[in-house]
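Pulled from TrEMBL:
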type     : residues : note
COMPBIAS : 20-36    : compositional bias 'Basic and acidic residues'
REGION   : 1-55     : region 'Disordered'
TRANSMEM : 81-98    : transmembrane segment
TRANSMEM : 118-136  : transmembrane segment
TRANSMEM : 148-166  : transmembrane segment
TRANSMEM : 178-196  : transmembrane segment
TRANSMEM : 203-221  : transmembrane segment
TRANSMEM : 241-262  : transmembrane segment
TRANSMEM : 308-327  : transmembrane segment
TRANSMEM : 339-359  : transmembrane segment
TRANSMEM : 371-392  : transmembrane segment
TRANSMEM : 412-433  : transmembrane segment
């Protein structure tokens, strides 16, 4: 059957030629060599190639991806695109200021209730939430849209900080930290995705590095802010959290308004149909199916789309496995406590169940089998060891600095921000080096070697 033609709206015709494309750089292919085919290598058969083609066709383009591709047609290269970049810069500034100040307040919040040891448990729980939230938010961004997912993240961020600022017990602080972590992870993760969406591949690393430059600027102001509001006192930390319940939503609002406007504009002028040849057909089918579904069936449909069961299994598995390591110091008999043993056993069973669910049952798995390759697995192992080595000493680092070292409030904040300044400074430089050299392996190996030396320095 012949494929129907698509009529391009006149106001989009002039923008199609301006749509960003990937251009070959001067260094692309300079190291390519002609390699003779080895007759002994088993190449794919015709049937295997057909299977691969069929599998690639079955990977449908999601609504969120279609909407973000339509932005190219709506924005073009004029002032609208610059306005979007300015709004992202505003997000970078307020988000970095929040991270550079509130990160130090948790130890004082728990100490004000006489429960400083709970800090380790909060760190583990929020770390698990940060890991589990990313697949959920990624699914939301793909199923609906980037701005909607960011708006949900801002909501959790604000509610979490309100709960902490108004807390009356350490349980309120812990609950607020969990909600805040969902929002904070979403803002950081989704803005990074947005940057990747609107930049070319060769500039992506540099842009992400440049996005973090405000961390360097605010690192030298955060100490004055913390001192000015007396954040390191029994109740001063409350205003330290409360101020960002106002600042963050206001500063992120311009970007959300622009992105929601672009979605509406793209739909109105037909840019969504140009971004995806199957968009119109898919939307008709979705509306027909939605009209036939009950409320319960709708919940089941979206639960399958985001793989809710897989996310819950993964979250509870890591929670049960990792929680005993922080609870052992307060539990009777330590690791011999029956409750801790039960948590470890249940966590192991849940993790095995998660693997079986993703492999055999899930219709839209978190980790499709097509992404499991050597490069991806190596990246996971590198990240695992990177964060494992960092979080081993991170939980009580701020408390140790305050108690063991003779710093005033400003010096304490500066010391806390040294690592972030180094990460952001060299991250931006590495992004620019990668942009102009088109090489990443030696940068990665050099960074890992320096990381090993850094982790070894505090050892006696």
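Cβ coordinates are placed from backbone N, Cα and C, and glycine is handled just like the others.
TrEMBL labels come from automatic prediction, so no person has curated them.
Two recorded stretches are said to be in contact when at least 3 C-beta pairs lie under 8 angstroms, sequence spacing 6 or more; the transmembrane segment (203-221) and the transmembrane segment (118-136) fall short of this definition. Taking Cβ pairs closer than 8 Å, the transmembrane segment (308-327) reaches residues 120-121, 123-125, 127-129, 131-132, 135-136, 335, 340, 343-344, 346-348, 350-351, 353-354, 357-358, 361-362, 365-366 in its own chain, all 6 or more past its ends. Each of 148-166, 178-196, 371-392 was scored by its Cβ pairs under 8 Å to the transmembrane segment (81-98), and the highest score goes to 178-196. Within the same chain, the transmembrane segment (241-262) packs against the transmembrane segment (148-166): three or more Cβ pairs sit under 8 Å, each pair at least 6 residues apart. Among residues of the same chain six or more beyond the transmembrane segment (148-166), those with a C-beta under 8 A of the stretch's C-beta atoms are 64, 102, 109, 137, 140-141, 172-173, 175-187, 190-191, 194, 238-239, 241-242, 244-245, 248-249, 252, 255-256, 259. Beyond its flanks by at least six residues, the transmembrane segment (178-196) meets 68, 88, 91-92, 95, 125-126, 129-130, 133-134, 137-138, 141, 146, 149-150, 152-161, 163-164, 204, 207-208, 211, 248, 252 of its own chain at Cβ-Cβ distances under 8 Å.
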